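Everything below concerns the one structure shown next.
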Amino acid sequence: MINIGLSGSTGKMGKTITERIDKFKDCKISAKFNSTNNLDDLDNFCKNSDVIIDFSTPEILEKLINYALKHNTKLVIGITGLQPQHFKLLEKAAQTLPILYSANMSIGANLLSYLARKATKILDDYDIEILETHHRNKKDSPSGTAIMLAETIASEKGLNIAFNRGNRPRCEKEIGISSLRGGNVHGIHEISFLGDDEIITLKHEALNKNSFAIGAIKAAIWLQDKSPALYSMQDIYNYSLKKQL
């Protein structure tokens, strides 16, 4: 039985993971951490967990990593809004621990990333734009998923990523990200490939948070026998595909 520690347990993702964990017979939630806890509580939290799923806030990440290193506790990080210094912490810790980071844990969003990479190779002379839509209370903009998609596409074509063009026209070697906020939208991501004569759009819409929660739990299970490294959800799906072939 895999003991999963849940960080951010009182948030929307934490509650959804708690609801979905019973679908998995080989793991259980052994410890919880949320905003009512003291940061020093992370010591016992990590000690009582084989792996931690973290959907809290960037502010606790450094402390969480330090205690995870102390107790050799694996990490699944789903926090968005991370800054370059946070990724440096993850990369350094991943030399000692297996860590999986993803801005989006759902299979659909990661399939969208895969398809976008393939389409980018084929549609070489098309302009590419991303539109992401989320609920009115989402704090970060653009979304972590939109950035993930843009970075995937940009790496294929050597493009710059434009978050806010202001009053200037579109540059030739760039991919733009636009954001909408409103309502109770769980997440919509559209990638448009715009040619002179046609437009091709790839779209993923999350109807609820279940797919994110299930993906995070699967990531925690998958990570159990992995060597120290910084993994992504793409590693899980590539690994699963290879096992089937």
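Just so you know, the numbers here start at 1 and follow the chain as drawn.
Backbone N, Cα and C atoms are what each Cβ position is placed from, and that goes for glycine too.
Swiss-Prot lists His134 with the feature active site, proton donor/acceptor, giving sequence analysis as the kind of evidence. The active site, proton donor annotation in Swiss-Prot covers Lys138, and the record cites sequence analysis as its basis. Annotation comment: Swiss-Prot describes Gly8, Ser9, Thr10, Gly11, Lys12, Met13, Gly78, Ile79, Thr80, Ser102, Ala103, Asn104, Met105 as NAD(+) binding site. Sequence annotations record features per position, and here Swiss-Prot assigns (S)-2,3,4,5-tetrahydrodipicolinate binding site to His135, Gly144, Thr145 based on sequence analysis.
Reduced to three states, the DSSP call for His134 (active site, proton donor/acceptor) is strand. Taking the Cβ of Gly8 (NAD(+) binding site) as reference, residues of its chain lying under 8 Å away and at least six apart in sequence are, in sequence order, Gly14, Phe33, Asn34, Asp54, Phe55, Ser56, Thr57.
For Lys138 (active site, proton donor), other Cβ atoms within 10 Å of its Cβ number 18. Met105 (NAD(+) binding site) falls within neither a helix nor a strand when secondary structure is assigned with DSSP, and so counts as coil. For Thr80 (NAD(+) binding site), the nearest neighbour among the recorded positions His134, His135, Lys138, Gly144, Thr145, judged by Cα separation, is Gly144. Ala103 (NAD(+) binding site) is 5 Å away from Gly144 ((S)-2,3,4,5-tetrahydrodipicolinate binding site) when you measure Cα to Cα. Take the mean position of the Cβ atoms of His135, Gly144, Thr145, the recorded (S)-2,3,4,5-tetrahydrodipicolinate site; other residues of that chain with a Cβ within 8 Å of it are Thr80, Ala103, Asn104, Glu132, His134, Lys138, Asp140, Ser143, Ala146, Gly187. Here the candidates are the recorded positions His135, Lys138, Thr145, and by Cα distance the one nearest Thr10 (NAD(+) binding site) turns out to be Lys138. Look at Thr145 ((S)-2,3,4,5-tetrahydrodipicolinate binding site): DSSP puts it in a helix. On a Cα basis, Thr145 ((S)-2,3,4,5-tetrahydrodipicolinate binding site) lies 11 Å away from Gly78 (NAD(+) binding site). Within the same chain, the residues at least 6 positions away from the residue listed as 'active site, proton donor/acceptor' whose Cβ sits under 8 Å from its Cβ are Ser143, Ser179, Leu180, Arg181, Val185, His186, Gly187, Ile188, listed in sequence order. Between the CA atoms of Lys12 (NAD(+) binding site) and Lys138 (active site, proton donor) there is a gap of 12 Å, rounded to the nearest whole number. The most crowded of the binding-site residues listed here (Thr10, Thr80, Thr145) is Thr145, judged by how many other CB atoms sit within 10 Å of its own CB.
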